[in-house]
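J.: This is the structure I have questions about; it appears just below.
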Amino acid sequence: MVNPLYQKHIISINDLSREELEMVLTSAAALKARPQPELLKHKVIASCFFEASTRTRLSFETAIHRLGASVVGFPDADNTSLGKKGETLADTISVISTYVDAIVMRHSQEGAARLATEFSGQVPILNAGDGANQHPTQTLLDLFTIQETQGRLDHISVAMVGDLKYGRTVHSLTQALAKFDGNRFYFIAPKALAMPAHILHMLEEKGIAYSLHASIEDVIPELDILYMTRVQKERLDPSEYANVKAQFVLHAGDLLQARANLKVLHPLPRVDEIAIEVDHTPYAYYFQQAGNGIFARQALLAAVLGHNPDQPTS
């Protein structure tokens, strides 16, 4: 079978068709069931985090190590030539691409990952987040988790809560779920942080049902997935942050009318938007969701480097 993702840049979730998403998710399930510690033996992968991260960087680097590859890179831009000496992103990527087989990259500027593809030659770029734009590997682990908990990716009722304006995870996840059939969206956010118009327009063009709401309680009984997000302090001015940070908080009591199959997800880090008491309910699944990032990222790395987890390595 031809691997359509071999040496492909993964910048946006829109770079992947439904069939390609399903291929990656199948591989992720295979890797979760049966680890392959030598699948990427002798490969070297750069972990280039021009913007600091905890979970995404550690998840990627764990995925790399558990596939037998080596990882080089940096956790932030402060001590790089780009940060200290004014080197351009183009030059940085041009040089790093001569050292490695793939580049995992996070950057604070929207479009930076796409720009990097112009200078990496045949070395694939995997976007680990570019500003408020896209976070495709978070979306892959979200899809994997939804499929794991619901047994499907079609006909899902999902609510997204909190910062829907700047939250790149909800943009990517909405676009991904729109590739599947019969999904229904509920968007719950303050007006200042509403889902961007271009996402709503995309849903309208596809004939996908969505609605806007002012409270979580209104929609709980309808949901399969409740996707919480934090208000991103780093992307708001202090006065705006203070006004909206406490508007949408999930408590255990809000889940009394929930379906038995409901799972609460969150891309993390959590601040105050999910009360600690929710952790002890059967609905909480955000820590397992984070753990699934290793398998989703392993599957994507294997695909872009031309390896099939379902077949033994030579």
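Heads up, the Cβ atoms here are built off N, Cα and C, so glycines get one too.
These came from Swiss-Prot, pasted as-is:
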type	residues	note
BINDING	Arg55, Thr56, Arg106, His135, Gln138, Leu268, Pro269	carbamoyl phosphate binding site
BINDING	Lys85, Arg168, Arg230	L-aspartate binding site
J.: Can you check what DSSP calls Arg106 (carbamoyl phosphate binding site), collapsed to helix, strand or coil?
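T.: In three-state terms, Arg106 (carbamoyl phosphate binding site) counts as strand.
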J.: Listing them in sequence order, which of the binding-site residues Arg106, Leu268, Pro269 have their Cα within 10 Å of that of Arg230 (L-aspartate binding site)?
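T.: So the list reads Leu268, Pro269.
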J.: Work out how many Å separate Pro269 (carbamoyl phosphate binding site) and Arg168 (L-aspartate binding site) at their Cα atoms, rounded off.
T.: 14
J.: Taking Cα atoms as reference points, which of the binding-site residues Arg106, His135, Leu268 is nearest to Arg168 (L-aspartate binding site)?
T.: His135
J.: Can you give me the residues near the recorded carbamoyl phosphate site, meaning same chain, not Arg55, Thr56, Arg106, His135, Gln138, Leu268, Pro269 themselves, Cβ no more than 8 Å from the center of the site's Cβ atoms?
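T.: Result: Ser53, Thr54, Ser59, Ala128, Gly129, Thr169, Pro267.
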J.: Considering all pairs of residues in Arg55, Thr56, Arg106, His135, Gln138, Leu268, Pro269, annotated in the record as contacting carbamoyl phosphate, what is the maximal C-alpha distance expressed in whole angstrom?
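T.: Largest Cα to Cα distance for the carbamoyl phosphate-binding set is 16 Å.
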